[in-house]
Amino acid sequence: MKVRTLTAIIALLIFLPILLKGGLILMLFAFLLALIALKELLNMNMIKFLSIPGLISALALIIIMLPQDAGEWVQVIQLKGLIAMSFIVLSYTVLSKNRFSFMDAAFCLMSVAYVGIGFMYFYETRSEGLRYILFAFLIVWLTDTGAYIFGRLMGKHKLWPVISPNKTIEGFFGGILCSILVPLVMQMFVDLHMNIWLLLLVTIVLSMFGQLGDLVESGFKRHFGVKDSGRILPGHGGILDRFDSFMFVLPLLNILLIQT
């Protein structure tokens with residue numbers, strides 16, 4: 001418990017100033033977190049990060065995370081670059097004489113999309129304003145807190161025992177219920193540019209998909225037989241263990257709220 005608490009304090013002391021500052025430093029921080037998260041995923045599948053497919057995946061990740069407002073050249077690089085990376089990774093299945101399988105290639109490409117899109121929207125959301133990233137973080141935090149409390153007090157029906165045996169249906173809906181507090185309170189202080197009823201609906205959707213993101217990462221770990229995605233955060237696991245919900249919440253937040 002002491003290690004877990006100390007890790008959380010140190011992480012917050014590093015993370016919060018960068019989040020508040022935003023801009024280039026946050027974007028570079030997002031790239032760093034994404035590369036670590038990609039390494040964690042590849043390690044689960046016994047693919048070394050410092051290997052040909054690992055390094056190609058890392059390059060593809062950087063390409064997919066390039067800022068969208070940098071100009072048309074970014075979209076050109078992303079399209080042509082990702083097509084080229086896909087062909088190279090697929091070709092390596094032959095060059096490696098099937099030691100690197102087609103399933104491994106598909107896993108690399110899926111990992112790049114999963115991690116890259118999630119962390120790209122991390123800094124893109126912050127660039128739209130601190131209120132939006134705060135909105136996302138509070139939804140995820142209150143959902144997790146509510147799911148834990150309701151699950152402990154009332155949880156009797158397992159949500160998905162094969163993937164995450166501790167999660168319950170009562171906790172799932174308890175998390176959604178607690179997340180509703182976020183827009184109700186935030187609208188008193190900041191303008192989120194949406195009717196409160198629509199905002200409540202968006203919050204419910206984000207809470208549901210945040211929990212789904214948690215289950216997806218749990219599914220990865222269960223499939224590959226690992227307890228945590230990594231060990232970079234003592235007592236907390238890896239980067240993916242901390243950001244799994246945001247992989248789903250942040251892209252959806254941009255689609256449903258920011259880009260509307």
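Positions of Cβ are set from backbone N, Cα and C atoms, glycine also.
What Swiss-Prot annotates here:
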TRANSMEM  9-29  transmembrane segment
TRANSMEM  46-66  transmembrane segment
TRANSMEM  70-90  transmembrane segment
TRANSMEM  102-122  transmembrane segment
TRANSMEM  130-150  transmembrane segment
TRANSMEM  172-192  transmembrane segment
TRANSMEM  196-216  transmembrane segment
Completion exercise
Other same-chain positions with a Cβ less than 8 Å from the transmembrane segment (70-90) and lying at least 6 residues past its termini are 53, 56-57, 59-60, 63-64, 102, 105, 108-109, 112
Handout entry: For the transmembrane segment (196-216), sequence-distant contacts whose Cβ falls under 8 Å of one of its Cβ atoms, 6 or more beyond its ends
Key = 136, 139-140, 143-144, 147, 159-160, 163-164, 167, 172, 175-176, 179-180, 182-184, 187, 244-249, 252-253, 256-257
Problem - Spatial neighbours of the transmembrane segment (130-150) far in sequence, C-beta under 8 Å, 6+ residues away - result: 19-20, 22, 122, 167-168, 170-179, 181-183, 186, 190, 192, 203, 206-207, 210-211, 214, 245-246, 249-250, 253, 257-258
